[in-house]
Amino acid sequence: MADVMSMEDLHATAARLNVDLDSLDLDSIRLPAGETFGIISDDEDLKKEEDFEFEEGFGNIIVVDNLPVVPKEKFDKLEGVVRKIYSQIGVIKEDGLWMPTDPDTQKTLGYCFIEFNTPQEAELAKEKTHGYKLDRSHIFSVNMFDDIEKFLKVPEQWAPPESKPYTPGENLQKWLMDEKARDQFVIRAGTDTEVLWNDARQSKPELVYKRSYWTESFVQWSPLGTYLATVHRQGAAVWGGATTFNRLMRYQHSQVKLIDFSPGERFLVTYSSQEPSNPRDTHRVVINIFDVRSGKLMRDFKGSADEFAIGGTGGVSGVSWPVFRWGGGREDKYFARIGKNAVSVYETETFGLIDKKSIKVENVVDFSWSPTDSILALFVPELGGGNQPARVSLVQIPSKVELRQKNLFSVSDCKIYWQSNGEYLAVKVDRYTKTKKSTYTGFELFRIKERDIPIEVLELENKNDKIIAFAWEPKGHRFAVIHGDNPRPDVSFYSMRSGTNTGRVSKLATLKGKQANALFWSPGGRFIILAGLKGFNGQLEFYNVDELETMAQAEHFMATDVEWDPTGRYCVTAVTSVHEMENGFNVWSFNGKLLYRILKDHFFQFLWRPRPPSFLTAEKEEEIAKNLKKYSKKYEAEDQDVSMLLSEQDREKRKMLKEEWARWIGEWKRLHEEEKLERQELRDGEVSDEDEEYEAKEVEVEELLDVSEEVISFD
């Protein structure tokens, strides 16, 4: 870079060299070719290539074929009919309808071009009017303008596709064979996304893969942990592998906002919504279902947000998510959505409705699949001011046979909770009192696997207690309830088995006055965390339900999330960016011991990598549990080796610190000795390095702080 000179320096240098600056023609000066002498040109930024984004294609234009061929006199009438049909679907641009004519006959050519405001409106127009019957002789054939070029490139003669040699891909389950039997997790903080091992023995995580700007909104593991999905403006993508996380497939869906995997990872559902051209209209929704492995679009659903706004627990733009819920276990046989007075169940063989029609259910407001079987639980509220009771129905799919029905009276609200094995179903029912001024809560408990599906009613000892949280024990027969109106509610545990009577519900224990508003069972059952999130500032109680005893109490201030690892060995509590302070996560053992803590600014997400179900039979797992001491010797020895290694590392670290301190002291003493003569000279020949040569004296100093005058009266 050239040195910068002031104008004064420039004039002084010119005077010294006898150069008259006024007589110089600066435009005549030419530098040698390719030489800039470090001077940046003002036009340098114009030479840089900029990545301008141009809108390619004509995605908002459709071609409508098979129109009537009419003379010039009937041209306006035909144009008016076409405009009337398509203006009901979207906004046609000014001069956006063009109907070519034959210059010789002055008749139309039987097709027209229509330009809409948005590509979404054009897509909808194609979907709604392709095959539209104008009259007996004219059935519309509608195509996107961008597709015309593709059709023109179809070769006249068929040629077999080029076959590529098979190259085996990476084992996507290799991470499950970790020698230390560790689990992985993904975190998002700032612009970085990281996949890490949870190395609890070393009391720290181990980095597997890190990437900046990996996603534009969030990441999501597939249900069995095979894939990690990322979300982008152009669509979604899935990644996998042991350490490299290569991109395996992309799914094109512009402006995608939400995604959802099927339980068996065969399909991926993507969702987007588009602002309407007319403010009075609702958002246009597009939902695509892709085959995960091939990336093929299997089925799409389009319509207004109102059509997808029924049911669900959360979403965007008024649409409940997930719109489609998967049934049939991990075989991914069926998916369903709720509509007005109907539940539409689709099968994945053809992606069409079962029996080509929906299940008609008047005023149905909610449904839920069994986690393991093709059984739907439906809820219908009261009608006619209570003359027609509310009801919960169990429907077998695909036969659509009603397996069980329970009528419910004076119902205010209803929530459905399936146990993870599909053995039990709990229906939380909020009922009105006789005065209709307040409500109380009870539970209807269905035993799904038993003959005729018996139902048992459970009411709390205090009917007026508010239910704050409910949770089934995974793979077990117990459930927990937080209830009460006090700032410190109670927590009760129940079992669907009563001693030797396996067909009756019984209460195990009630814990009084707990700072808890959320329940988190270990995936293996037995252990539960009673968490006080939000208003309770992160209070945690680790509880053993087998022994009915508290293992530990702790606090993670301002904690927003609690996540068990898939094995139930470890648990994470996190403070995400909803709070500005203390962002990060803590890793705990199952019994409440804090193992390590990681702080991360702008912390957005923590997700454990799910594990697929074990291949071991229930009998084999039971055998391992009985002989656990025999198997555990190996791991206890490994833990001891790691502990000794850590102790040795700590000793080495302390030894290094001590040696470093000794070196520093030695260096200080050496410098002190070298400067001795210099100090002696500064002190006029006095040698005063020893403490004994100093005399300590106490000196009293009086200091006047303030003076004030006050007139005192003697009266």
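Cβ atoms here come from the backbone N, Cα and C positions, even for glycine.
Predicted automatically and left uncurated, TrEMBL annotations should be read as such.
Owing to the predicted nature of the structure, the values given are computational and were not obtained by experimental measurement.
According to TrEMBL, the protein has these features:
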DOMAIN    60-147  domain 'RRM'
REGION    677-696  region 'Disordered'
COMPBIAS  677-686  compositional bias 'Basic and acidic residues'
COMPBIAS  687-696  compositional bias 'Acidic residues'
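Under 8 Å from some Cβ of the compositional bias 'Basic and acidic residues' (677-686) lies no Cβ of any residue in the same chain that is six or more residues away from its ends. The compositional bias 'Basic and acidic residues' (677-686): residue composition by secondary structure is 6 helix, 0 strand, 4 coil, according to DSSP. DSSP labels the residues of the domain 'RRM' (60-147) in these numbers: 30 helix, 29 strand, 29 coil.
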